[in-house]
């Protein structure tokens, strides 16, 4: 019953969104967002948000940087330079090496990842649509090929892992194949938007350089770990900790770019063009300053959870849409689905647009964005769109290519370290390519936020796209209403049958 009611409310609000776009701003106020206009909000004095997480992130960088430097320097040109091995006597299993033996292998990963990322930015205006289509269709094959190579190298665990990944990727693409035309349309319009903002490309390149500088230190420490006298268990444990840290650091940089770019795109749509008289002066520099100062704590906090929750949500949605006959399995998946949906309310990528424009803390921004989508029915459109998953596929493919290049050279020089170097190099490549991909994802999130707040913003920007997105929203709301009626009818029939049997 509650499902049908919620769908009905979404249907009504969605009708308002598509039929009366001029009332969007009043919905924004009702949803509890900042009452200031975006231009004034950007000019207003902002308070520091989520300072605790900012402190945790900075402290983690300092501690990890010192640890990485010490571990790398301990094996640089001399074994046990800092006499660290005396603390690991009980874990000695394998012959040690030198940092400079493995550091060039990570340099290959940095070079390949940077090349792929910059190539993506260079071809963003002309070949982006084709590159995304290739990412969707080739990723399954690439995972399967790597699985075969792992089995051939007698790495059975990793062979099974990549085989499972290939199967999951194939099942996901099959489950969302009907959504891909709309997804590609949204991505094409997002590319059109960011291609007309060359300054956001420069921001992405600048942050890729910052990430490269950190990767120089990170790979120096990782090479020292691979070269250490610890056994494989100790090496994997340390590398696992370093990879979690690198993932968080990469997510923070990606989301910082996300805040800068989405804020810029949002202002362009609000003011009907970057050359508009009403456009605030130096919007990019103001967004950059706020992103790395007052809003940086919120970015650090959100980066811990949003990527994992979003990926889990995509997978559950894909499988849920294809489960029909197995009631027990459907019940379990529905439980996970509602659990993840609850988490999404507090951790979603649309929060970064609110952070960029209004300077709120992360949880407040995420809740306001989600309530806005729920009240307008646009959440149905977001659930249908797979643009984030498509961009993630491109990021994964870039990481796999990077890991393969580093792994091939490692196999030639140090065959017993292929998986160790290849897997960590893959993460490095994913982060570098992800920094290039995030500019498009930022434009997508801003488009949806603007459409929910005031559909006329999208209509002024691109009338044809407005008609297409409105028609898709209408179809999705009708589909949800029909599904809710079907569930309600089935429940009533079941109750009637139970009453008849009991009598």
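Glycine residues also receive a Cβ, built from the backbone N, Cα and C atoms like all the rest.
In TrEMBL, annotation is done automatically, which means it is predicted and not curated.
These features come from TrEMBL:
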COMPBIAS  1-15  compositional bias 'Low complexity'
REGION    1-34  region 'Disordered'
TRANSMEM  51-73  transmembrane segment
TRANSMEM  103-124  transmembrane segment
TRANSMEM  136-154  transmembrane segment
TRANSMEM  160-182  transmembrane segment
TRANSMEM  203-230  transmembrane segment
TRANSMEM  236-269  transmembrane segment
TRANSMEM  290-309  transmembrane segment
TRANSMEM  381-406  transmembrane segment
TRANSMEM  418-440  transmembrane segment
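When each of 136-154, 203-230, 381-406, 418-440 is scored by its Cβ pairs under 8 Å to the transmembrane segment (51-73), the top-ranked stretch turns out to be 203-230. With a cut-off of 8 Å on Cβ pairs spaced 6 or more residues apart, the transmembrane segment (136-154) and the transmembrane segment (103-124) reach fewer than 3 such pairs and are scored as not touching. Counting C-beta pairs under 8 angstroms (sequence separation of 6 or more), the transmembrane segment (381-406) fails to reach the transmembrane segment (236-269), with fewer than 3 such pairs. Residues 38-39, 42, 57, 60-61, 64, 68, 71, 193-194, 197, 199-200, 203-204, 207, 210-211, 214, 218, 221-222, 225-226, 230, 279-280, 283-284, 287-288, 290-292, 295-296, 299-300, 302-304, 306-307, 349, 352-353, 355-357, 420, 424, 427-428, 430-431, 434-435, 438-439, 441-443, 445-447, 449-450, 457-458, 461 of the same chain lie 6+ residues outside the transmembrane segment (236-269) yet bring a C-beta within less than 8 angstroms of a C-beta in it.
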